[in-house]
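J.: Take this structure, written in C-alpha cells, and hold onto it; I'll ask about it next.
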C-alpha cells in the first residue's frame, strides 16, 4: 500500500505534532512539583470520599434502618472538604473536584495537560476511597455505600438542574474566596468552602444526594456497579462550575489585563461597524439624490387663455388631474 494517504493526513498538522511542540504543551508536567500536586489531589480525594461517605452508612441495617441524619451528613461532607483544602491547598490548589478543575481550565488558571492528570487522580482516589470503605463496613449495613441517586418523584432534568445550582454556588464561593485581588477576605478560605458544601447538602440531599462533585459520585458507583442517571453528576456540576467561574472571572470581577483587552477588542469592533454604517449611508444618499434628479415630473394641462387649469376628459375618456 502507498504511504501517500498517511502523508496527506499528517501533512497539515505535522509541524504541530513534533516532539518539541508536544514537550512545550506539557511544559511543567515533568517536574517534581507537578507530581506532588497530582499525588496530593489523589490522596485528598481518597480521604475525603472515605470519611464523608462513611457518614451515609445506616448502621440500623435493612431490617431496622435509622432515620437519615441530614445535619450529620452535611457537616461531615463540609468539614471533610474544608480539612482537605486546608491540608493540600498549598500543594495542588485543593481542587478535590473535577468540576472545579474544569472551571479552572476555562478561566485559564491551569493548563489542559495538568487538568487531565488532576481529574484522573481525583477519580482514582475516589474509587480507592469508596473501596476501602466497602471493605471495612459490615455487609449487612453497607447499603448503597452513599451512591447518589435522583429522588423517585423527580425527573432526570430536575436532578440535572439541582446539581447545576448547588455546584454553581460552591464554585462561585471558591472563586470569590480565593480571589487574590480582594483585600477584604480575613477569615478561613477552607472553612468558607466547607460551609458552601454543607449548605448544598442541607438543601439537596433529598433531591439528588447533593453530589456537586463528579468524582464523589463516580467512586461508589464503580464499587457498587450502580450507574442509574450517573451522567447527571458529571454534566450538571461541570456546567454549573463553568458558569460560576466564567461569571465571576469575566463579568463580576475581571482582572485589569482582561478589561484592557476587552475594551480594545470592543473599540476595534465598534470602529469597523461605524465605518461600514457610514459607507452604507453614503451609498443610500447618492441613490436618493439620483432619484430626485432623474425622476420625471407630472405633466399638467393648463388653459392659458382662461388662466386656469383644464378639467375635463381626453379623447380616451380619462380624467385629467389638476393636482
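Cβ coordinates come from backbone N, Cα and C, glycine included.
According to Swiss-Prot, the protein carries these features:
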- 1-36: topological domain 'Cytoplasmic' (TOPO_DOM)
- 13: S-palmitoyl cysteine (LIPID)
- 17: S-palmitoyl cysteine (LIPID)
- 58-69: topological domain 'Extracellular' (TOPO_DOM)
- 90-93: topological domain 'Cytoplasmic' (TOPO_DOM)
- 102-115: topological domain 'Cytoplasmic' (TOPO_DOM)
- 137-155: topological domain 'Extracellular' (TOPO_DOM)
- 153: N-linked glycosylation site (CARBOHYD)
- 177-184: topological domain 'Cytoplasmic' (TOPO_DOM)
- 206: N-linked glycosylation site (CARBOHYD)
- 223-231: topological domain 'Extracellular' (TOPO_DOM)
- 253-323: topological domain 'Cytoplasmic' (TOPO_DOM)
- 289: phosphothreonine (MOD_RES)
J.: Can you tell which of 153, 206 has the least company, meaning the fewest other C-beta atoms within 10 angstroms of its C-beta, among these glycosylation sites?
T.: 153
J.: Are there residues at least 6 beyond the ends of the topological domain 'Cytoplasmic' (90-93) whose Cβ is under 8 Å from a Cβ of it, and what are they?
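T.: Hits for the topological domain 'Cytoplasmic' (90-93): 36-38, 40-41, 44, 104, 110, 118.
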J.: Cα of residue 153 (N-linked glycosylation site) to Cα of residue 206 (N-linked glycosylation site): how many Å, rounded?
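T.: So the Cα of residue 206 (N-linked glycosylation site) lies 11 Å away from that of residue 153 (N-linked glycosylation site).
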J.: May I ask for the residues of the chain that lie six or more residues beyond the topological domain 'Extracellular' (223-231) and have a Cβ under 8 Å from a Cβ within it?
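T.: Non-local partners: 127, 130-131, 134, 144-145, 147, 149-150, 156, 159, 217.
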J.: Take the topological domain 'Extracellular' (137-155) and find every residue of the same chain, 6 or more past its ends, with a Cβ under 8 Å from one of its Cβ atoms.
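T.: Contacts of the topological domain 'Extracellular' (137-155) (Cβ under 8 Å, skipping residues fewer than 6 from its ends): 52-54, 56-62, 130, 162, 206-211, 216-217, 220-221, 223-224, 226, 228-229, 232-233.
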J.: Against which stretches of its own chain does the topological domain 'Extracellular' (58-69) lie, if we need a Cβ under 8 Å and a gap of at least six residues from its ends?
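T.: Same-chain residues near the topological domain 'Extracellular' (58-69) but 6 or more away: 140-141, 143, 205.
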J.: Hey, which bits of the same chain come close to the topological domain 'Cytoplasmic' (177-184), Cβ under 8 Å, at least six residues off its ends?
T.: 192-193, 248, 253, 255
J.: Does DSSP put residue 153 (N-linked glycosylation site) in a helix, in a strand, or in coil?
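T.: DSSP assigns residue 153 (N-linked glycosylation site) to coil.
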J.: Which numbers of helix, strand and coil residues does DSSP report for the topological domain 'Cytoplasmic' (102-115)?
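T.: Its residues divide into 9 helix, 0 strand, 5 coil.
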